[in-house]
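Now, the feature entries from TrEMBL:
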{"type": "REGION", "residues": "312-337", "note": "region 'Disordered'"}
{"type": "TRANSMEM", "residues": "30-49", "note": "transmembrane segment"}
{"type": "TRANSMEM", "residues": "61-84", "note": "transmembrane segment"}
{"type": "TRANSMEM", "residues": "104-121", "note": "transmembrane segment"}
{"type": "TRANSMEM", "residues": "128-146", "note": "transmembrane segment"}
{"type": "TRANSMEM", "residues": "201-222", "note": "transmembrane segment"}
{"type": "TRANSMEM", "residues": "229-244", "note": "transmembrane segment"}
{"type": "TRANSMEM", "residues": "264-282", "note": "transmembrane segment"}
Amino acid sequence: MSNITHVYFDGLGIDFDLPSVAFSVFGYDIHWYGIIIAFGFSLAVLYGGRKAYKWKMSLDGMTDVLIWGTLLGIVCARLYYVAFEWEYYSQHLNEIPAIWNGGIAIYGGIIGALIGAAIGCKIGKIDFLNLLDLGSLGLLIGQGIGRWGNFFNQEAFGTNTDTALFRMWSPKIHDTLENSAALLAQKGITVDPNTAVHPTFLYESVWCLLSFVVLHIVVTYFRKFKGEIFMLYGILYGAERMIVEGMRTDSLYIGSTTIRVSQLLSAIIVVVALVFFIYFMTKYKKGKLPKALQLDDLDALEEANKKAKAEQKAELEEKKRQKALKKQEKKDKRNKK
């Protein structure tokens with residue numbers, strides 16, 4: 001099968017060839033999907049690193065968080081997807097590790113990243129609530145950019161439309177819809193393989209990047225308590241996912257029902273996050289915010305860090321002095337002999 005497909009954007013009047021493979025190294029194909037995911041991840045890490053430095057968070061501790069969060073995030077994103085597509089993967093076990101072909105679930109990734117981050121925070125002595133706020137911003141960067149990997153794979157698209165400005169079609173979309181038409185019909189979804197579809201990857205990408213801009217402004221100028229950005233992320237992303245998921249043709253379902261897993265989970269997340277946000281914002285306004293959620297005094301933290309470094313330096317110098325004294329004593333003893 002060719003790694004190049006031709007994409008048509010009817011509403012814009014443009015079309016072009018789209019490769020799924022960027023290049024090959026020693027016979028192994030390097031897919032655009034992986035490159036884009038890695039690019040989004042790198043930008044998220046750079047942004048998070050700068051914020052962590054400003055918030056006086058231990059860079060060694062953040063490294064622990066990054067390692068654990070990344071590993072468990074990737075593994076759980078794949079396992080979550082495989083679990084809800086087990087009917088297929090139970091017959092194709094060798095394809096389970098083939099993450100480069102697509103087939104990961106963001107909510108699985110978030111669950112894994114949260115577990116990994118909790119472990120990393122414990123090891124690296126990082127404030128977990130601060131980390132959640134920071135991680136939410138990084139997630140929006142990664143999701144906003146990473147969705148373009150779906151575009152290069154021509155996956156994660158929506159149902160048919162002849163009115164959406166950015167509607168798209170390609171032979172790969174045609175084949176996917178043709179192969180899944182019968183299964184979609186069982187879920188009450190009728191598709192025409194010859195008609196353009198909603199570019200749901202684009203809708204989510206734009207929403208995530210705009211949400212990042214909004215939350216970046218909030219965290220920079222208006223943040224009131226730890227965990228606030230994480231709650232707002234849950235509200236913003238959950239609301240978008242509820243809407244866009246309803247357009248998609250590749251949703252994961254609960255068993256044989258027509259209930260989309262991500263829509264249900266998104267609805268729960270929005271409600272829970274909204275309740276917590278209102279509750280703690282009310283506590284903040286009344287001056288009764290729990291101590292664990294109160295923002296750190298960065299000036300005090302900086303002074304404490306300076307004091308700790310000064311003490312470490314003094315301790316090191318004292319050790320050097322003691323070592324020099326012992327060396328001198330040995331030298332004096334040899335001279336007396």
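Placement of Cβ uses the backbone N, Cα and C atoms for every residue, glycine included.
Quantities reported herein were computed from a predicted structural model and do not represent experimental measurements.
Of the two recorded stretches, the transmembrane segment (128-146) lies close to the transmembrane segment (229-244), with three or more CB pairs under 8 Å once pairs fewer than 6 apart in sequence are set aside. Secondary structure of the region 'Disordered' (312-337) per DSSP, as helix, strand and coil residue counts: 25 helix, 0 strand, 1 coil. Count of Cβ pairs under 8 Å against the transmembrane segment (61-84): among 30-49, 104-121, 201-222, 264-282, the largest is for 104-121. Through the fold, the transmembrane segment (104-121) approaches residues 61, 64-81, 84, 127-128, 131-132, 135, 139, 143, 252, 261-262, 265 of its own chain, all at least 6 residues removed from its boundaries and within a Cβ separation under 8 Å. Long-range contacts of the transmembrane segment (30-49) within the same chain, counting only residues at least 6 positions beyond its ends with a Cβ under 8 Å from a Cβ of the stretch, are 19-24, 59, 62, 66, 70, 100-102, 134-135, 137-139, 141-146, 148-150, 152-153.
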